[in-house]
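Copied from Swiss-Prot, the annotated features are:
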- 59-146: domain 'RRM' (DOMAIN)
- 1-245: region 'Sufficient for interaction with PIC8' (REGION)
- 1-120: region 'Sufficient for interaction with HCR1 and TIF32' (REGION)
- 211-250: repeat 'WD 1' (REPEAT)
- 322-360: repeat 'WD 2' (REPEAT)
- 363-406: repeat 'WD 3' (REPEAT)
- 537-579: repeat 'WD 4' (REPEAT)
Amino acid sequence: MCGCVGVISNVDENFQVKTIVTMSDIDYEALEKEVPLDDIDFSDLEEQYAVKPDFGIDNFVVVDGAPIAPEAKVPVLIKVLKKLFSTVGEIVEGEEGIHMPLEDGKSKGFLFIQFKTAQMADAAIQQMHGKKLDQKHRLLVNKLSDIEKYGIEGNVPTEFKEPEIPPFKSHGYLKSWLQDEQGRDQIGLHYSDTFGVYWNKRKSPEPVIEPRKGFTSKYAKFSPKGTYLFSIHPQGIQSWGGAQFESISKFIHSQVRLIDFSPNEKYLVTLSPQPIQVPENPAERASYPFGPESNGHKLVIWDLATSEPARTFALPPHLEGQKEMPWPLVKWSHDDKYCARQGPGALAIYETPSFQLLDKKLVKIDDIVDFEWAPAPVYLDTSSQNGPGEHVLSYWTPESSNQTARVALMQIPSRQVLRTINLFQVSDCKMHWQDEAKYLCVKVDRHTKSGKTIFSNLEFFKVTERDIPVEKLELKEVVINFAWEPRSDRFVTISRLDDGALNPAIPKNTIAFYAPETSKTKGGAITSSKYKAFETVVDKHSNTVYWSPKGRFVVIATLARSNGELEFYDCTYEEENVRTTSKNNVKLLKSEKFSGMTNLAWDPSGRFVAAWSSSWIHTIENGYKMFEFTGNMLRDESIDNFNEFLWRPRPPSMLNAADRKKVRKNLRTYSAQFEEADAMEADAATRQLILTRRKQLEEWRAYRAKHASAGHQKKEDKMTVIEEIKEEIIEEKEEIVE
């Protein structure tokens, strides 16, 4: 690059001639290489031309609500307020730090505080706004920039402007799967990082939507009635629904681990180990679903209709830091009207939708260990059978130095204790409500006086009878599993003898099927007496009981062991050509092995059972198997990294008693239709044959309808009445004639 140098003569204010050398088009890069700039000291220039930081008004806050004090006491008041606000940020030194205006010899009730940074001012607003200085004064803290923004006339429009309401977005019919012509159920399959929803078919599942990778970061879960599907992500929860499982709502709750629902799908409960932190930035805070009152809380109840938080809670101190969290922490009444949380020595019962404490106070129950809501309305002996029923919960308290263990029933909202029993030498209690809330079974694990041996008692509360009688069933063994039959008074237990021999290879568990003994009175009425085992199976490894949702059939399984097994029982088996008045007849239908089985679940109809081995627990035979209720295996799918199998729940049937009776009456007709559909699905040739026969039948019916009028009319036969005489022998007598 070429350059040129010019000489310019100039005359200064003293009329002295100065020569100025100018350069243009110089190769500055070459010049920088020749002159090392790093060696030049610019500190004097930087100091001379340094620009002082402009604090601006974002560093100022206006504090209103301060006491009005005489001028003589203002320095003391400023000292107190400075000490208070210095806890949240550094205040500028000197008179610039705090300014309290005076008028007529006294303060005006507000002051200005200048912090060193805008972040400190934000922290002061967050922590000090609404703080009580004393009983008469509450401090109101705002940014000075907000006062200027909203306080100056003209900055805020005085005319009301209608807010823009976004157009309604339809998600389709959220219960569309119930309209399936074949009445099929839907299943969810989660393997590796892929989740898919499928129609359950006998031969192979049919995708409802394309399986999605990265659908959830942890697990997926259907709501209790199947309306929504929820996925979990680091940012929170996502709900999906409709025929194509479109996105419906997002629930922002960072690092959620556990979720739960109210029975009628009105509310969602989430728990995160990470406490809620409301952003300090006003723009971020505006879109954040939680307010400052939720800071530090970990448990959130959401309104599913609005996707907004209804209430947040801090964890009780005794649960903080626990690795294994008891779940759910919030338990619901059958109709979502009440929910309750257990704390040290008390129950907190809340009314929905306000989520305010019932009667604005806790229910004091010293040393309460656990509680359970009745899963259905309770019709007490004093209740109207046509009414809505009562809300009842049960709870138990342990033994102490001066009182026995107790189990009690309490009516809500009156808090009336309906029934109490006292128990001795109690190690643990588990409460099992029957699904119709007619019975409550309390499994009481008791110990001998030496404390070396454990055995179980079963205490049965007959809730609907007068004065709620309690029946005791004493056992010599420890009950490790208990399950009521749906809509019945029968139940199954799995127990073992606590003899100190804990060799897991030796099968020692006993399966027992119980029902109340019944007898007829002289008037023909049936009365039930004490519970009695009508069938027992000994020396088993079985540890879990799964009743069909429709009752009668039950699967007794061995889970989480290398020798997994399923046993299918019919508890009302009717033998051919054998008449019996008892319905308590157990028959083992089939037994199937499934090594490594970790979970088992019935479909909502009670027709199918799914068992699976989850890679979340181990890597043995991961996949799932599908069975009929009789134990006949339909599918055996081995899937690498298989995580979870989900049945989509169904809402309760809307058929009344008359409709159900009609279905049962025509069951053979419906059964033939389903068998035909199964045959068509199983074999392509059979399907084609059935379709051909259907077509031929339709053609024949159309032909008959077309030519029915072309036939000859039948001639009327002429009738001739013929007189007939009939003789009737009334009496016949024989005589001997000599």
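Glycine is no exception: its Cβ is also placed from the backbone N, Cα and C atoms.
Applying DSSP to the repeat 'WD 1' (211-250) sorts its residues as follows: 0 helix, 21 strand, 19 coil. The helix, strand and coil residue counts that DSSP assigns across the repeat 'WD 3' (363-406) are 0 helix, 19 strand, 25 coil. Residues of the domain 'RRM' (59-146) grouped by DSSP class, helix first, strand second and coil last, total 30 helix, 25 strand, 33 coil. For the repeat 'WD 2' (322-360), DSSP puts the residue distribution at 3 helix, 17 strand, 19 coil. DSSP places the residues of the repeat 'WD 4' (537-579) in helix, strand and coil in these numbers: 0 helix, 21 strand, 22 coil. Taken together, the residues of the region 'Sufficient for interaction with PIC8' (1-245) have an average pLDDT of 82.
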